[in-house]
Amino acid sequence: MKPLLRFSVPLWTLLVFSASTRAQCISNCSTGTFNIISTTTTNVTFELKPNCSLTVGNIASGNGLITGLTPGAVYEIVLNCSHCCNVSQITTKPETVSLTVTNITTSSIFVNWTEPVGMSSFYKVQWTGGGRNVPVNVYETFYNITNLTAGVQYEITVTAVAGDNYTEGQSATVIKYTKPAVVKNLTFTGFTTTSVSINWTKPDGGVDWYIIQWNGTQQVSSRTNETFFTIPGLTPGTLYNISVAAASVNQSNAGDNSYISTFTKPAVVKNLTFTGFTTTSVSVNWTKPDGGVDWYIIQWNGTQQVSNRTNETFFTIPGLTPGTQYIISVAAAVNQSNVGDNSSISTFTRPEKPGTISVTQGTNTLSISWILPRGNISYYQVNISNENLVFTNSSQTVATTTNFTYLKPGRLYNITVTAFAGNFWSTSDQVSFATVPKPPGSIIFSRQSNSSLQLQWATPDEMSRAPDIIYSIAYQAVGGPSQNTTSTQNNTLLSLLDSGTNYTVTVKTIGPGNLSSTVVQNSSFTLPNPVRNLIVSPESTTSLNVNWLNPLGVKSYYRYLVDTYNDTGGLIYSTNITNNSTTVPNLNPGTNYSVTVRTKAAEGSESTVEKAFSYTIPEAVSNITAVGTTTSLSVSWTLVTGKVSSYSVVLNSAGQLVNRTVNNQTTNTVFGGLTPGVIYCVQLITKSGPYESNSSLVCNATFPNPPGSITVKSQTVNSINFTWALPQNMRHNQYNFSVTTTNNTFVTKDNWFLLGNLPSGSPYNISVVTVGVMGYKSTSVTTVNYTRPFPVSNLTQTEITTNAVTLVWKQQESKLSYSYWVQVTNESNVIVNELNVKITNATIINLRSGSNFNFTVTTLTADGTQADPGTVSYFTRPYNITELKAETINTTAINLNWMKTAEYKDDYKYRVATSGCAYKNDTLRQKTIQISGLNPGTNCTFCVSVMAANGIEGQTVCTSQYTKPETVQPTISGHSNSSITVKWTKPKGNVERYSLYLTPNTTIQSLNSLTASYQFANLSAGRAYSVVLTTISGPFNASSELVTNATLPNPPGPIKILSKTTSSTETQWTEAPLMTGAKFYYLLTYTSSQQSKNITTTNTRWNFSPLSSGTSYNISVTTVGELGFQSETVRIT
């Protein structure tokens, strides 16, 4: 049944009567009045007369009940009675709204409801409470009731009014309290360690009670009817956030909180104790009190009150006065000014250590004084002790000085000063002071020398066994400087003194602390030094000359005592002089005498004795004869008159002396083993002691020796240079040689002779004799020798292997008797091979590879005479390397390594030739190399050969390897909804082929090296695709990073308008095709002349609202797929 689409109807029922539409009715239906028994939201009951029927639309009723109507709608009713009809309008009651309250404040309540089923024209909102009852007509489904009183109960009703603007439905009612107002003037009135007291002023409006909440470690609440409250059971020193809210009977309807925060008073700290003391500080600690603490306040009151604070449970109070009493208190504190009660203790600081201890010293007394650096003391105690004396004593005083008497002289005493303050004391560093020592006894000289004086003295009175005692000795020669020494004994030796000098000596006692006594004094001479270099020499056969040097440290007052003794010890001559020489006369020739000399400085001061000996000169010999042979000379003579101890026969040859001693009864002697061909002179010497007399000379000569064996010094192809050994035991300047050859005789002083203009390789005869002084000749020596052959020429190699060298050469003026000596030496000049051949070539085998060898070929005559050698040097070839391996490092580098060659040598080098990917040669010593700078992705060939020291190479070994190809990073372009195009730039170097991998389709495309792009077709729309491009060369490949892009999504189907209202338009479109499984959504855009807005959705239907009525909108839909790619846009207006 379709109701009339009307928005206003009369407030009464209008009956319209009209004539029946049947033939019997002669007039149209007219208006009239119906009797309505009851009306509901969907039914109307009429009072119906017999033979009457009701029709509403296409619903007819014969019993007066019309059902199935729309609530709140206006209907046209036709009454058919007796072929006539009456027309009237009725209105059903609206449905009851569903009423809710969504927001309550202190002065408003916001209500809303759902639009009832059926039709309604407006809503009547009415509320009672707070002395007001005001209805309001509302055309929306919500209303905010304002200007209410806080904390008051309100009854609110909402009634829907039907489309006739009159008929009301059943009312919906809700009862609510407005929110109470916030309490005023919330303040604190008291604090303890476990409670806080607050009060406040009642807020405006109604209040039933107050809710108090606080949140120390957990949220707690309570309530009261008063405007004050004490919160008990709190934790000391803890921050509490306290709130008070007014509440109505409905406990859930509380007003906003009024907040205030505070700390409870901290508790008293526990176990306050001292943990350390210094002169200027005291350390305390304590146990944290129950509850919270932010910090602690420490106070102390020496001369004035001082305070500090800390976050720790310990504290060191600095800057105190030493030796002073302090009262110290600690209180816990929180926030800025909330301080707990004090806990107090008392103590002294340690006193300062006394210092700067000084003394006034006597032999038996010490007067001690000191300084206290700062602070206070109760008293001082001064201790004195000496361990050796087993002595201790002490003195107490409040002054800074004290005296000790009856002490031992020259003793070191240990002193300490202790300052006391309360229970503390501080002892000074121990100092040591000494009493003054007493002087020693008289000085006694016990021994003298030329450089020292030994002296001794008695130990000082009262100082027997006194430790650390020394004696200071001062001594001074007349006019000389004063010198000092020390001794720990009561005697000393003064050394390094001047000889023969008078010294004045003083001695004083030095005790501990370098304190000294008065002095004692005495004097004595040192002994003089003996004379120096005493020499007694013969002046003649009957006198001696005596000389000496002055003694060291000679003085002007010295005298010398000279005494002469014969060989039996008898004194024969004595003298006392002041100079340093004298002559002893009237002596016997050839006699031995002794002479002594003493230095005298003063009585009782004489030097030691210096003694010397000497003989007088003997007589000379005459009548000498000498007869010689080649190696001996016989000498004879006549005995001389007078006293002689022995004879010496001197044989002299050009300054070379041969001396022979015989007894004084011999008259001849023979000298053997002389040098041949030398003139010798003979002289006889008579001896007495060390002195002698020489005879005149007698001369003769020995015969020469023959020359040595003849040898060839040098030979050439046309000459022989002969040489021979010099005659044995002969002087070369006293002889020459007579050389005889086949046809001639030559005289020469040289021991060689050169024969020239001879044929090569021929024999010759030579003889040589020695001609000495006085024309004497020796026996002859002879020999036969050859001239040298020509040396080999054009010596060269014809083949070199790793262990053999073949040589060839030529020979000038070759003879059948010639042979060739081939010798091979290594680098150390050691012979490794030798052979003798009769032909002009040879192969030397069993050589070491890669080694340098010297090859010498020498031509030999029949007697072995050698030509000049011909020498060449050649290296054998090294062996080739093994196990050559190439390892690719990267795109431009390959690492090569190999095994050492057989018979490897340290001077080997390797030549590495690179081709194919670069052309280069590298020479190196190690067996590995990294070849860089190669073309990427290229097959390289590497050949390695071993080079010996001279550059000769062994067999070459080669291998090949690829470098890695460069990585190529592709790009994706040319988007469509079914394809993507991949492009890239050809990399540096070479690529044999490309492999292009597409995912998620798992497609792999192999491409040749000339390709630089590829299009993947037949792809799904709106999908993300990732591509990896791999370059491949040989066994290597290089993959790019994953590149991701997407195909475009397909557009949606055409847009349809499903419905429109004055403020909305509902649309629908067909889902974008072929997008199943893809991630996408739709971008909706609607624009007008006043606004433009975008909406995203995954649905294919959308209701655009709120829109402006009567306004034209352009609506478009676009599919948005992977990576935000958009399809073509579908539009409608």
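Residue numbers in this text run from 1 along the chain shown.
The backbone N, Cα and C atoms fix where each Cβ goes, glycine too.
Taken from TrEMBL, the feature domain 'Fibronectin type-III' covers 93-181, 182-267, 268-353, 439-530, 617-706, 791-880, 964-1050, 1051-1133. Summarising the annotation, TrEMBL assigns signal peptide to 1-23.
For the domain 'Fibronectin type-III' (268-353), residue counts in helix, strand and coil come to 0 helix, 49 strand, 37 coil, using DSSP. With DSSP states grouped into helix (H, G, I), strand (E, B) and coil, the domain 'Fibronectin type-III' (182-267) comes out at 0 helix, 47 strand, 39 coil. Across the domain 'Fibronectin type-III' (964-1050), DSSP helix (H, G, I), strand (E, B) and coil residues number 0 helix, 42 strand, 45 coil. Here the domain 'Fibronectin type-III' (1051-1133) has, by DSSP, the following mix of helix, strand and coil residues: 3 helix, 42 strand, 38 coil.
The residues of the domain 'Fibronectin type-III' (617-706), classed with DSSP into helix (H, G, I), strand (E, B) and coil, number 0 helix, 50 strand, 40 coil.
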